[in-house]
Amino acid sequence: MLLKLGGMRATLSVLAVRRACCQYRSAHTSPQAVEYKPIKKVMVANRGEIAIRVFRACTELGIRTVAVYSEQDIGQMHRQKADEAYLIGRGLPPVAAYLHIPDIIKVAKENDVDAIHPGYGFLSERSDFAQACADAGVRFIGPAPEVVRKMGDKVEARAIAIRAGVPVVPGTDAPISSLQEVQEFSNTYGFPIIFKAAYGGGGRGMRVVREYEELEENYQRAYSEALAAFGNGALFVEKFIEKPRHIEVQILGDKYGNVIHLYERDCSIQRRHQKVVEIAPATQLDPHLRDRLTADSVNLAKLVGYENAGTVEFLVDKHGKHYFIEVNSRLQVEHTVTEEITDVDLVHAQLRVCEGRSLPELGLKQDKIRINGYAIQCRVTTEDPARGFQPDTGRLEVFRSGEGMGIRLDSASAFQGAVISPHYDSLLVKVISSGKDLPAAAAKMSRALAEFRVRGVKTNIPFLQNVLSNDQFLFGTVDTQFIDENPDLFNLKPVQNRAQKLLHYLGHVLVNGPTTPIPVKAKPSSIDPVVPTVALGATFDVAMRFLCECPWKRLQELRSLLPNVPFQMLLRGANAVGYTNYPDNAVYKFCEVAKENGMDIFRVFDSLNYLPNMLLGMEAAGAAGGVVEAAISYTGDVSDPMRQKYSLDYYLKLADELVKAGTHILCIKDMAGLLKPEASRLLIGSLRDRFPDMPIHVHTHDTAGAGVAAMLACAEAGADIVDVAVDSMAGMTSQPSMGAIVACTKGTKHNTGLSLEKVFDYSEYWEVTRGLYAPFDCTATMKSGNADVYENEIPGGQYTNLHFQAHSMGLGNKFKEVKKAYVEANKLLGDLIKVTPSSKIVGDLAQFMVQNSLTRAEVEERADELSFPLSVVEFLQGHVGIPHGGFPEPFRSKVLKSLPRIEGRPGASLPPMDFQALEKQLRDTHGDDITPEDVMSAAMYPKVFQEFKEFTTAFGPVDCLNTRLFLDGPKIAEEFEVELERGKTLHIKALALGDLNKAGQREVFFELNGQLRSVLVKDTVAMKEMHFHPKALKDVRGQVGAPMPGKVVEVKVKEGQKVEKGQPLCVLSAMKMETVVNSPLSGTVAKVYVNADSSLEGDDLILEITE
């Protein structure tokens, strides 16, 4: 099939065609006298790895080298590899500099350059450049200008192929100039068709059109791409061959008419018509087809008098028929694989041919060219396969290549510290492997790619590894649809990058301080305890929020280390482990997952002792197969007959309901440490009398200092379990002393059986450990316990937190006022049981009162206009449940105004959570490495989980760091080891901290396993100092300022919007407390000064309202 050879529009017979071809060939291949002129100096009019490739060949042949570079390439390696280097294209855009022929010729003339090698891309196929070289008396290392012109014009090259008897794909005879011509062609040959740039390649300007409706858009896009890439938007159109193999033949000609081939390469693995992996020779290629391909290539080259290196490209359809595509009149990117299988240095040959040597003189005769094994080339690029191969840019923080037997690397700026710019091709390094057969070459390539370590930018290495392990690639044949038809190639193995991420974290701490908010300015102890192998528990959200660890992983590790010890967790009833309400199925699911991960006992409580909430939690824990411990939160004083809201009768009736509901254990949860010895005897004694067979557990805090006496009284009254803390961690807002209880019960019927000596040893370890957490220690702001807890009833854990919060908000000197305000806030809210989250609600209101200098009476009076903390508003709406005795009125109605109210159990009205949809959303956001435990974490704390994932993406897992390094970072010159996993230990030394650069970054230098590493870290303090936020003027009525320091969570209004008095304007967050800022007046928003994530100080201007 010659595909309408009559398209030559002549009535020649076949004989006449052959005669014409012979005459044409004779005119271009007749021997001519050629003078041998040695080359002394070569310029490469290119950049990157191909420039270096040519420089190396020149150096081997004793030829001096000259590089040219653009202003953007000042730091690139190719200019350093040459003997001389000169700037070109000053003031021009990056690509335009390498296309500026006058500058290139000028540099060549001024520096006595004998010859110019064009490399590939840029000017390599521009006949005007080849002609400019000839006009300047500089040799062009490539074909003659006229041949470059003919081969570069795809339409003319096609006509020449027809004259040479080479099969071609049906297509236009000349570049098209209008959409109408395309429509006529498609009407004749049908779809699919393909647009191709007439004056360039590399996939640019190439568009496949499968339907008439896509024609106009793809025509415009192809034209624009061709124009931008080659300076000429001319296109031609061909019939598109479905699923062909892309086979190209390497040819080499000299000035004497000799042309040989160096066999073929298979370039079928392509993405968007750009080659990704190349193989030589082509696998499973019929020998007769190989002969036809090589013969046609040589004939075509001889027909035009081809000189130097070039490539003839073909498509081979599924029937084994081949069609000419084009001739690339230059060295190809993939020339390397041909060199590996033929042992011919193509660049050496190019240079010698340009000097005037003949191929036979160089020992290059067709019968001497043999195929030896197989070779594969992988183009490692800074492209992200997970994002459609989107190019990535940035600084190479780490570069370690794969090497060894059978591996060749051709690279340029692939080194640590190199900057990958967006201006040029994304090629980082070409990796070439060779072996006796394709599987052997693939094995070497896989091994080499696995050795690569590239950090700082994304690469396509995971994608290439998938290609190399694909059975079709290894044992079959691939076509140009290989990538599209193998979506599993995009199931990319995540790159761990643990070491570099860890350095980023340490650098961040060195520059900006701890990522975990430090309540006070105290340093962790420099003494590390001998850490036991057992980890400790932590509040669910604290693990993610402050320790930056997965709470589930911690539980799994504990369960593995302690397989036979019962584990207990706190379950906030319908609030699960959160501070808000969840759909019922979320609570059930959480308990199920917790039980599966090793939890045994679920201590279920509700911050208001709201029975419906508690019952839901008990049912969920029981359904999961857990031991249910129902906990009654204690407040007031049952021994005081004057305090009747929370009387003994109240607790006994509540206990009746819980026992009736099926609890396995009954617990008294005394979070404020209010149980006095007499109250302990009365309450526990009454419970024991009523429930003689029910295990009773008592939990308290020792804020007032009476905890030991109270717990001994509980034991005497019949308690089975009392909670204590090891001596070095006991007292104040913690639990009573373990050693004291053990010592006091020794020799009595309540003897614990514990050895005091072992208790003391255990305490000694924790005494050293406690020093590591000095910034969080209650003794940083508290020096003793305080019996005023019997008046303010602040829970032990909150007492410490509240103290730290007060310091962080500038109220450290007003903590006494905060405690008094806590009492008043509690009364305002109706005298609540104060356990998280109800204790937080009281604390938020207390700090709000102190921050704004408000008394209880003023709060009650101005309740309809104040911007209360969000927790207070939601409590009054009924989000937490119904408090014993009901909500306070008229305070509630004044605060809520027209806001909706929840009646009954808050979670009962919530729709079920769609866990499948949530998992899909998480996978879409974070990738497929999402576990059922991750889904649960996101269900409980969506924002905290999102921030945790962002942290681990940036810094990786940091649980391998010891506490001091995690909190405070290393000291300069400090050396330490970090064990990533068994058998993988990092030796790190912190070296130096660089100066602030223009981007607000500091370079932090480390030594990692003996190698210098550095990371760039944004200096958040320095950047913040450049920002000056205006303050709200108190005497200007329409200026709304931040009522407290914090971060803007949400802006609820826009400029020009009308607002009513009391309408929410924005939400602030500080230290886990959210505040809704309401409008103090009705009017129109004139200007907004903040956006989401803005960090504000107190009184910073949020917005202005005009009346």
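Using the three backbone atoms N, Cα and C, a Cβ is placed for every residue, glycine included.
As recorded in TrEMBL, the features of this protein are as follows:
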DOMAIN    38-488  domain 'Biotin carboxylation'
BINDING   LYS154, GLU238, HIS273  ATP binding site
DOMAIN    158-355  domain 'ATP-grasp'
ACT_SITE  ARG330  active site
DOMAIN    503-760  domain 'Pyruvate carboxyltransferase'
BINDING   ARG572, THR836  substrate binding site
BINDING   LYS669, HIS699, HIS701  Mn(2+) binding site
MOD_RES   LYS669  N6-carboxylysine
DOMAIN    1037-1106  domain 'Lipoyl-binding'
MOD_RES   LYS1072  N6-biotinyllysine
Study note, to complete from the structure: By Cα geometry, the one of the binding-site residues (LYS154, HIS273, ARG572, LYS669, HIS699) nearest the residue listed as 'active site' is LYS154
Check your understanding: Can you tell me the mean pLDDT for the domain 'ATP-grasp' (158-355)?
Key -> 91
Revision key, fill the gap. The domain 'Lipoyl-binding' (1037-1106) resolves under DSSP into 0 helix, 39 strand, 31 coil
Exercise for review: Would you give the longest CA-CA distance, in whole angstrom, between residues of LYS154, GLU238, HIS273, the set recorded as binding ATP?
Suggested key: 16
Check your understanding: Among the binding-site residues listed here (HIS273, LYS669, HIS701), which has the Cα closest to the Cα of ARG572 (substrate binding site)?
Key -> LYS669
Check your understanding: Quick one: Cα separation, HIS701 (Mn(2+) binding site) versus GLU238 (ATP binding site), in Å?
Key -> 83
Exercise for review: Take the Cβ of HIS273 (ATP binding site) and count every other Cβ within 10 Å, whichever protein chain it belongs to.
Suggested key: 17
Review point. Just counting, how many other CB atoms are there within 10 A of the CB of ARG572 (substrate binding site)?
Key: 24
Point to revise | Nonlocal residues around LYS154 (ATP binding site), in sequence order (Cβ under 8 Å, 6 or more apart) | key: LYS196, ALA197, ALA198, TYR199, PHE236, GLU326
Practice item. Given the binding-site residues GLU238, HIS273, THR836, state which is nearest to LYS669 (Mn(2+) binding site) when distance is taken between Cα atoms. Key: THR836
Review point. In whole Å, how far is HIS699 (Mn(2+) binding site) from THR836 (substrate binding site) when you measure between their Cα atoms?
Key: 15
Review point. What other residues of this chain sit with their CB within 8 A of the center of the CB atoms of LYS154, GLU238, HIS273, the recorded ATP site?
Key: ILE194, PHE195, LYS196, ALA197, MET206, PHE236, ILE325, GLU326
Review point. Which of the listed recorded positions (ARG330, HIS699, HIS701) has the least company, meaning the fewest other Cβ atoms within 10 Å of its Cβ?
Key: HIS699
Point to revise | LYS669 (Mn(2+) binding site) CB neighbourhood, other CB atoms within 10 A | key: 23
Point to revise | Whole-number Å value for how far HIS699 (Mn(2+) binding site) lies from GLU238 (ATP binding site) (Cα to Cα) | key: 82
Exercise for review: Looking only at C-alpha atoms, tell me how far HIS273 (ATP binding site) is from HIS699 (Mn(2+) binding site), rounded to the nearest Å.
Suggested key: 70
Exercise for review: Count the Cβ atoms, other than its own, that fall within 10 Å of the Cβ of GLU238 (ATP binding site), considering every protein chain shown.
Suggested key: 21
Study note, to complete from the structure: Apart from the site residues LYS669, HIS699, HIS701, the 8 Å Cβ neighbourhood of the Mn(2+) centroid comprises TYR634, ILE668, ASP670, MET671, GLY673, VAL698, THR700, ASP723, GLN735, GLY796
Study note, to complete from the structure: Excluding its own, the Cβ atoms lying within 10 Å of the Cβ of THR836 (substrate binding site) add up to 21
